[in-house]
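In Swiss-Prot this protein carries:
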type	residues	note
DOMAIN	6-188	domain 'tr-type G'
BINDING	ASP18, HIS19, GLY20, LYS21, SER22, THR23, ASN135, LYS136, VAL137, ASP138	GTP binding site
Amino acid sequence: MSTPLDHIRNFSIVAHIDHGKSTLADRLIQSTGGLELRDMKEQVLDSMDIERERGITIKAQTVRLKYRANNGEDYILNLIDTPGHVDFAYEVSRSLAACEGSLLVVDASQGVEAQTLANVYQAIDNNHEIVVVLNKVDLPAAEPERIREQVEEVIGIDASGAVLISAKTGLGIPDVLEAIVHQLPPPREGDATAPLKAMLVDSWYDAYLGVIVLVRIIDGVLKKGQTIRMMGTGAKYLVERTGVFTPARINVDELGPGEFGFFTGSIKEVADTRVGDTITEDKRPTAQALPGFKPAQPVVFCGLFPVDAADFEDLRAAVGKLRLNDASFSYEMETSAALGFGYRCGFLGLLHLEIIQERLEREFNLDLIATAPSVVYRLLLNDGSVKELHNPADMPDVVKISAIEEPWIRATILTPDDYLGGILKLCQDRRGIQADLSYVGKRAMLTYDLPLNEVVFDFYDRLKSISKGYASFDYHLTDYREGDLVKMSILVNEEPVDALSMLVHRTAAEKRGRQMCEKLKELIPHHLFKIPIQAAIGGKVIARETISALRKDVTAKCYGGDVSRKRKLLDKQKEGKKRMRQFGKVDIPQEAFIQALKMGD
């Protein structure tokens, strides 16, 4: 039996990291009886260990809640919990496209942050009704009135009816439920008799059921036994079970218009289910597909290599399994003279990279080395063709290239006034171009255009340390612009080390090269011969350090004696060292790679 449309509410919770949206989701589940108290744990919807530990949401999750409103009517509330971090913005955009309304959660002590803005504008673009919720009003530092004004001033939406809550203590939760029912709209359309039309919101892999596909039904009915077709890929599947999450997985007979639920159907790989695809019945297809999403494009690339070459097979299996669940993560095989076999992987951003690396190390027990992260450059070649470059080591000969373009981002930074000077200097040092500076209460809102390759290294860490952790940062890619970029190679004993080569801006090349050489000098152990470490652009060396040789005192056995005798022994030693240097191999310890790639400023 499908629920009537006007008794369904589909909504998501939009907030900056740590403003308490997963805790609010917990309270909503608890107060509508979605889980028994004994099953309650904090952040019920953050199912990965790493999500709970870092206190962040990575995968969007959904829950169906039954709620009896004060007017005595029963409603079905479908809550979609979304990530707040900029790297997972595409998870947010998918979730928002599947809903009609949003709860905007703002911390009553901290106010509007950079990602609050980014996510709220996405919700407004999707024509969402927005209910403002001020959380953490029980904190001594909470200033609900000031924050209410701030929301109206910065975002431009009416916050006079904002709901004041404390998700931790449960204060004000009934008011939130009433606001969802009375202020958010029901699904806009939906005809149970029309051909099936459903939107694929997410999918993940289950060891027993194969791929579980999360869908939002627009028209028609999805039930067991139907043969469905994915309109994007043309693939057909037989539906084996349909169900909903409450958050426990519960099978139901059918899913009707406006509802959220899941189905399984012997789908082997998550890559077969494209997010944003339209699902329809094979026998009676819908005439018009839904406007799809752009697939998530990897922004940052880096090489992942096992510390022990024998673990390569395990790494191969592990990246394959992770790809099952994370369609935005891409990889291809790569070999490096210094590090052996590994994979060149693409990520949505640095947090995504860190999380994938941590999941590989944790869930699959691997020890990994990550090479320096790089972005996707566009090379305009002399013959008029355009080539994308993911790995600086693969750069063609300079004479073939007419120009190099690099990706630029538009960054929004919110910071307390006291730290503004330091942050402006940081952005300036990173070749930033200031686009705007305005004030939100006592905080400055900066808009900067920055090259992504300057942000990838350690911009976020520097920003946090300059602002003592108070600044927040959000960005989106804007375009590609031509830059004066050069490939810097690192040579150890006159042999280039491919894993350490990088593309840098010509003005920063010397500083970067010097830092790298100094760092390697500390990290590579002394050998019996002298080792030069050089940073070079093409054939021109721009920085050099030398590791001195270990030497034996060959003149120790001459008691006083004749100077020509000593000379002879020293010259003989010198000759040997020279020959040794010609044929000697320098062993660079793995530790040195790991440390050298952690560049500081």
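Quick reminder: no glycine exception, Cβ is built from N, Cα and C everywhere.
Cβ neighbour density within 10 Å is lowest for VAL137 among the binding-site residues GLY20, ASN135, VAL137. Look at VAL137 (GTP binding site): DSSP puts it in coil. Looking only at other Cβ atoms within 10 Å, the busiest spot among the binding-site residues ASP18, SER22 turns out to be SER22.
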